[in-house]
Amino acid sequence: MTENNDIKMVIITGMSGAGKTVALQSFEDLGYFCVDNLPPMLLPKFIELMADSKGKMNKVALGIDLRGREFFEHLWGALDDLSERTWIIPHILFLDAKDSTLVTRYKETRRSHPLAPTGLPLKGIEAERNLLTDMKARANIVLDTSDLKPKELREKIVHLFSTETEQAFRVNVMSFGFKYGIPIDADLVFDVRFLPNPYYIPHMKPLTGLDEEVSSYVLKFNETHKFLEKLTDLITFMLPHYKREGKSQLVIAIGCTGGQHRSVTLTEYLGKHLKPEYSVHVSHRDVEKRKGH
């Protein structure tokens, strides 16, 4: 196998119920050769098959289930072996979700958690989260699926791994509301609750930062201009260094109280500022939650 025949490999793991099945289906749609529930001890043998495939397996997605500590011993050794093979471009995609979301999903599907087959789902979730702490730390892409519908998870994966963008350094800029929690997949979090809040202007209350009247209001203040100047300078300085260190994506989260007005406005602004230089994806996690600030 030569470097001209590089193989792209994505190892998909994470919390049970966080969306591994949807993720594998998404990779299959992207033309990846997919294998689910591959025992880690078989990974070295699978790598040999990839090397002998003569280019027929140049994009591979593996769903790996880690429910016993003995599995990790095999996995760490296999990952170390991967790092020595220059013809494989590996990614570890870790799917996560809030405990409350996972419990709800188990109740909706009436399934038992694999680590608590006769007990409460939350006990199994807690045990699995402890087991996967090191795995999550080793992953180079972490996706929080708590607020994602299956279609939205597919869109995220396509954005991250489609042929046009998978080699690029990606910047995800998202708005959120602190009242709904900080995004667990955020690398950088900025709090803009110090800015004037259009929520308290009655006719702007039902609007969002996507509406011109709201964005114009937020952007007209001197403190907003000063903050954006400092923020863009900081981000512009940091991004090349993150890229140099081998990070494949950066998630920047901007939060206000409810994720409706201020954070949405500034997220849109930052996304437009970065798009000329980077592959940028802008999203608004809580913009549909019209429950007030």
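Note that Cβ sites are derived from N, Cα and C of the backbone, with glycine treated the same way.
Copied over from Swiss-Prot:
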BINDING   Gly14, Met15, Ser16, Gly17, Ala18, Gly19, Lys20, Thr21  ATP binding site
BINDING   Asp65, Leu66, Arg67, Gly68  GTP binding site
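Other C-beta atoms found within 10 angstroms of the C-beta of Asp65 (GTP binding site) number 16, with every protein chain shown included.
Only Gly14, Met15, of the binding-site residues Gly14, Met15, Ala18, Gly19, have a C-alpha within 10 angstroms of the C-alpha of Asp65 (GTP binding site). Counting neighbouring Cβ atoms within 10 Å of each of the binding-site residues (Ser16, Thr21), the lowest count belongs to Thr21.
Cβ environment of Gly19 (ATP binding site): Leu95, Ala97, Leu143, Thr145, Leu148, Pro150, Leu153 lie under 8 Å away, each six or more residues apart in the same chain. The ATP site, placed at the center of the C-beta atoms of Gly14, Met15, Ser16, Gly17, Ala18, Gly19, Lys20, Thr21, has further neighbours from the same chain whose C-beta lies within 8 angstroms: Ala23, Leu95, Ala97, Thr145. Over all protein chains present, the Cβ of Ala18 (ATP binding site) has 24 other Cβ atoms lying within 10 Å.
The Cβ of Gly14 (ATP binding site) lies under 8 Å from the Cβ of Lys20, Leu93, Phe94, Leu95, Asp96, Leu132, Lys136, Leu143, each of these being in the same chain and 6 or more residues away along the sequence. Non-local contacts of Met15 (ATP binding site) by the CB criterion (under 8 A, 6+ apart in sequence, same chain) comprise Leu95, Asp96, Ala97, Leu102, Ile125, Glu128, Arg129, Leu132.
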